[in-house]
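Listed in TrEMBL:
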DOMAIN    29-397  domain 'Ammonium transporter AmtB-like'
TRANSMEM  23-44  transmembrane segment
TRANSMEM  89-108  transmembrane segment
TRANSMEM  146-164  transmembrane segment
TRANSMEM  176-195  transmembrane segment
TRANSMEM  215-233  transmembrane segment
TRANSMEM  266-286  transmembrane segment
TRANSMEM  306-324  transmembrane segment
TRANSMEM  371-394  transmembrane segment
Amino acid sequence: MPGRLNVAKADHKFAASNQSRRIQFIVVAGVLQLAFLIIFGIFVRYDSAADAKYIGDPDVVAKKRGWSTIVRGCFHLHDGKITFGVMDLLYSDFSCVGILISYGCVLGKLTPVQMMIMAMIQVPIFVGNEYLGLEIFMVKDVGGSIFLHIFGAYFGLFVSLVTFDRNVAGHRSDSTIYHSEIFSMIGTLFLWMFWPSFNSAVALQDSRLRGVINTYITLSSCTVVAFLLSAALTEDRKFLMMHIQNSTIAGGVAVGSVADMQLQPWGAMLIGVVAAIVSVTGYRFLTPKLEKIRFHDTCGVNNLHGMPGLISGIASAIACAVASREMYGDSLFVVFPAMAPANTTVTVSLLNGDHEIKTGLGRTPGTQGLYQLAAIGCTLAVAIVGGTLTGLILRLPFFDSYDRVTYYSDEPHWHRPEDGFPDRFTQLIYHKGETQVVPEHRVDDVTLRGATYEVKVNQAYELQEAN
C-alpha cells in the first residue's frame, strides 16, 4: 500500500505568472497599435496610380502587415511619404508569410508578447534581405522560396535553438489528437488549391500562366510520391497524417523560385518528386536527430519550407544558367530583366501587346545562375545571424517566458469551454514533490506512483509523502 499523503497548498506563482503575461500582452499590443495609427496617419498615403479604394481601413488589422508596410515603404519613399497600393499590400502579405513560417518553429513555446517582439525584429531583417536580393542582386524568386521560405524556416529554427528549454523535448502536450488532425487537413486543401495563384501572383505577362501550370504539375507529382513514401516508411505501412498534411504541399515551395521559368512538364514533375522525397524522409529521419541537438521544430518547418526552399533555389540557378532566347523567345528579358542589354531599352512583342523592358545589366545566363546561388547563401547567413540574435533578446529576464506547465497550452490566454471531445490524457501522472496546476477539463484522476489521490481543480498543489 502506498504511504498516506499530505496535500499542501503551494504558492500561487503559476496564476500570478499567467496574469503577468496577459497584462504584458495588453500593454505591448496597445502601444504597437497606437504607434501604427500615428505612423500611418503621418507618413502613409494611397498610391494615386493604384485602385486603392477596395483595400479598406489603412490601420491594417495584422500588426505584422502594418509594420511590414512601414518598413518596406522606407525603401521606396515618394516625396517623403510611404505610398500604399494593392501591390504594397500583396508584398506585405508575403512578409507575413515569412514570419508565420518562423512561428511554426516556436509554436507553443513562446508567449504572445515574445511572438510580437520576434515579428517586430524579424520584419526589418526580412525586408532588408529581400531588398538586397531583388533590387541589388536582381535574382529571380517569383514564388518566394528563397526570401520567404528559406529565410523564415532558418530564422525560426535558430530562434528555437537559442530559446530551447530541456522541458520542451518530449513534453506530454507536444502531440495531437484525431479531430485536430482532421481539421488541419482543411488548411492543407486550401493551400494546395491556392498555391498556383500564390506562385504566379507577381509574375508578368505569359510567365504568369507558366507559374500556374508548373505549380499545379509539381503539386500533383509531389502528392502522389508523398502518399507512396508515407506508407513505405512507416512500420505498419499506413499513411501518417503528418506527411499528408505537409509533404503533399512541399512541391509548392520547391517550385516557387522557378515557377515562371521554362521547366517543361517533366521538369516540374521531377521537382515534385524530389520535394516529396526530401520532405517525407526529413520528417521520418532528420527531425528526431535535429531535436537531439536542440533544434526543436514544433511544426516540422524545416521539412516543408526549409529544405524544399533550398531545392527551389538550386533549381532556379540551373534554370537561369540554361536560359536562352530560343527557349523563351521575346519573353526572355521579361522573366530575367538583368539579362536585358545594358545602356538601351528593349521592346518585346508578347501575346497581349508590346512590353517595354528598361535597361538591364547585360548578364549572361551563367552569371545569373551564380547570383541565384549567392542569394541563397546570403539569405541563410542573414537568417541564422538574425534568428540567433532575436533568440538572445527573447531570453532576456523581463520577458515572462512559459514554464513546464504552460508549454503548448492555451489555458494561460484563452477561455476554453468544454467542447465535448474526449481528453487525450485520461490520467495525469505526477511525481512526489512535483507542483502542478490541474485544470478542470483535464482532471479525471491524478496518479502518484501508481495510486490515485483526490486533488482540487484549478489550484496548484504540492504532493508530498507523509512521515
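Including glycine, each Cβ sits where the backbone N, Cα and C put it.
Remember, TrEMBL labels are computer predictions, not curated facts.
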Please check if the transmembrane segment (215-233) comes into contact with the transmembrane segment (146-164), where contact means 3 or more CB pairs closer than 8 Å and the residues in each pair are separated by 6 or more positions. no
Please identify the stretch among 89-108, 146-164, 306-324, 371-394 with the greatest number of Cβ pairs below 8 Å relative to the transmembrane segment (266-286). 306-324
Taken over the domain 'Ammonium transporter AmtB-like' (29-397), the model's mean pLDDT: 86
So if I exclude everything within five residues of the ends of the transmembrane segment (89-108), which remaining residues of that chain have a CB under 8 angstroms from its CBs? That is, six or more out. 55, 60, 62, 64-66, 68-69, 72, 115, 118-119, 122-123, 126-127, 144, 147-149, 151-153, 155-157, 159-160, 163, 173-174, 201-202, 296-301, 305, 387, 407-409
